[in-house]
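Here is what Swiss-Prot says about this protein:
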| type | residues | note |
| --- | --- | --- |
| ACT_SITE | 158 | active site, proton donor |
| ACT_SITE | 162 | active site, lowers pKa of active site Tyr |
| BINDING | 17, 36, 62, 89, 158, 162, 191, 193 | NADP(+) binding site |
């Protein structure tokens with residue numbers, strides 16, 4: 001496999017926004033995409049896509065496990081020896097209760113997957129990204145994790161985990177600022193995915209108007225992916241540490 005290609009690793013590339021990223025990137029000339037799935041055998045749509053796109057390679061990865069992240073990185077290292085763009089898109093979203101009524105297991109599961117998970121991927125893939133030409137690391141975050149643009153719905157564990165992820169991104173951007181890296185978080189917008197629909201249904205009990213807003217304004221995953229890629233394609237060194245919206249504007253922390 002040629003190392004002159006631009007190499008992308010998409011953690012969580014098996015469905016929704018991640019799969020849309022994989023599809024758009026794999027249609028680009030000179031691009032190789034490694035897409036992770038926790039259970040590759042169950043990622044049927046990604047499997048089908050890879051059969052018709054020889055530049056797509058599926059990697060097993062459970063981001064909650066540092067061992068799994070290290071194994072995934074070793075597999076990519078053997079194949080291509082570098083990563084130009086590391087995009088951590090994996091995460092969970094099933095926390096819709098008040099802080100008062102959110103149990104420990106919900107807090108713990110969101111922190112483990114949405115914060116420690118991306119940290120595991122970063123720790124495992126850092127040497128590969130350092131060898132890449134672009135040296136870009138992207139964390140898919142959420143407006144819900146912004147305290148400056150507070151989202152007025154009960155998000156408890158999810159919102160807290162995304163705020164922690166944004167802090168982690170900012171810390172990494174500071175640590176790598178002298179190594180030529182560009183590290184950002186990005187909000188994909190309100191996207192028509194299964195997890196987003198579940199969240200809307202939960203919040204509709206208290207605010208029924210959200211159903212109409214979601215129906216009219218939610219982006220298709222392909223549109224969100226396309227918009228975010230425009231942002232990432234045009235990143236400059238001075239963007240290191242930014243929290244972007246999918247449309248290229250910035251979001252306060």
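Backbone N, Cα and C define each Cβ position, glycine as well.
Swiss-Prot feature annotations superimposed on the structure.
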| residue | record | contacts (Cβ under 8 Å, 6+ apart) |
| --- | --- | --- |
| 17 | NADP(+) binding site | 89, 140, 188, 191, 193, 221, 224, 225, 228 |
| 36 | NADP(+) binding site | 9, 10, 11, 12, 13, 14, 58, 59, 60, 61, 63, 72, 90 |
| 62 | NADP(+) binding site | 38, 68 |
| 158 | active site, proton donor | 92, 93, 94, 95, 96, 110, 114, 142, 144 |
| 162 | active site, lowers pKa of active site Tyr | 114, 141, 142, 144, 145 |
Candidate with the highest Cβ count within 10 Å, taken from the binding-site residues 89, 193: 89
Number of Cβ atoms other than its own within 10 Å, given for residue 191 (NADP(+) binding site): 22
For residue 162 (active site, lowers pKa of active site Tyr), the three-state class that DSSP assigns: helix
In three-state DSSP terms, the structure that residue 36 (NADP(+) binding site) belongs to: strand
